[in-house]
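What TrEMBL records for this protein:
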- 1-44: region 'Disordered' (REGION)
- 76-94: transmembrane segment (TRANSMEM)
- 114-132: transmembrane segment (TRANSMEM)
- 144-164: transmembrane segment (TRANSMEM)
- 231-252: transmembrane segment (TRANSMEM)
- 258-279: transmembrane segment (TRANSMEM)
- 291-312: transmembrane segment (TRANSMEM)
- 332-353: transmembrane segment (TRANSMEM)
Amino acid sequence: MNGEKSSSKGDGGPGVSRSGSNQTDVVRQRDDLAELAKPSQSQTLLQQALSMENGLTMSERSSDSHKNTQFTTSNFTKLVASILAGGVLLGLILPKNQNLPSRSWQVLSSITGYTYFLAWSASFYPQIFLNHERRTTHGLSVDFCVLNVLGYICYTIYTVNFYWNRWIIEEYKNRMSTRSSGEDDAANSAQITVQGNDVAFAIHALVMASFTLSQIGMYDSFSDRPPSQRVYTILLFVFIFCTIYIGATWMFEGQVDFLGFLYVLGSIKIGVTIGKYVPQALLNQTRKSTVGWNVWNVILDLTGGILSFLQLIGDCADMKEWSGVTGNPAKIALALVTICFDVIFLVQHYILYPGADEKHSYITLPTS
């Protein structure tokens with residue numbers, strides 16, 4: 001009995017020891033596996049760095065977005081205030097249109113004119129700065145830029161001649177007086193409504209539009225984003241037509257209607273204005289995004305169009321001579337077309353495609 005008990009105790013002791021050893025090994029292996037599953041310190045730091053690089057937390061994103069919105073709104077408010085202040089200052093100190101009978105409207109017309117000049121002139125800069133900041137012009141239609149330059153070449157020639165060319169001014173008065181009722185003072189009432197701010201805007205716009213077009217070559221490539229075949233056709237047609245007309249004017253001086261040629265250039269500007277906005281509107285619709293097309297440009301452009309239209313109507317009403325509308329179709333049509341398309345762009349930006357993500361601006365885009 002004692003031997004069996006002793007034997008039993010002797011057998012039981014080693015058995016319990018082996019079982020405990022196995023459990024210890026299992027626990028140790030489990031701990032080792034858990035330790036291996038844990039990311040190392042370097043991996044943890046790398047993940048944290050990637051998280052910081054990829055973006056902020058949702059609350060931080062919301063706060064950052066709010067700050068950017070406030071900053072943008074603040075800048076835009078300052079810009080508008082500067083334009084209004086500058087328009088008032090220039091309108092008060094620079095020469096007025098002495099053809100206007102009312103002294104008070106001379107001042108108001110001058111203020112309105114220089115305010116729209118500053119608004120339209122400033123409208124070019126947000127797009128230029130946006131292209132520079134993004135280092136790309138994706139989202140901006142190449143056709144729009146090319147046609148914009150063409151249009152402002154025509155408009156600059158148009159306004160410069162109507163403002164400085166004495167022969168054109170006299171020819172205009174004679175033509176308007178012939179169309180009038182035949183009264184002796186008809187020639188005196190037929191006044192050209194092109195003012196100094198119109199000329200200043202046209203020249204400045206041509207320079208800025210040309211620079212915006214050059215940014216396509218600077219940040220992208222014309223070989224990758226060439227103008228469409230339609231634009232090449234338009235450019236060729238305008239070049240051939242103008243060459244023939246200018247040549248005929250030089251060969252048959254006095255026989256060719258140069259005033260009529262200026263009206264043709266004004267009509268080209270109107271047609272180009274309609275044509276240049278269409279590719280940009282279609283590009284926004286194709287991409288379902290207005291990223292790359294600066295909305296400040298649109299708002300300032302709309303402001304300038306409204307003020308330009310009001311100045312022209314006010315000048316004609318003050319002179320009680322509405323030939324200024326019929327005799328200056330380029331200016332009034334330009335203002336109306338600008339207003340219509342700017343409304344379309346605002347609808348696209350704020351209603352149809354609000355909050356479009358930046359990634360849309362890097363997809364493969366059409367050339368027009």
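Including glycine, each Cβ sits where the backbone N, Cα and C put it.
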**OP:** Tell me, please, if the transmembrane segment (114-132) and the transmembrane segment (76-94) are in contact, taking contact as 3+ Cβ pairs under 8 Å between residues separated by 6 or more positions?
**Re:** yes
**OP:** Give residue numbers and ranges for long-range contacts of the transmembrane segment (291-312): same chain, 6 or more residues beyond its ends, CB-CB under 8 A.
**Re:** 76, 79, 83, 109, 112-113, 115-117, 119-120, 122-124, 126-127, 130, 134, 136-140, 193, 280, 283-284, 324-325, 328, 331-332, 334-336, 338-339, 342-343, 345-346, 349, 356-358, 360-361
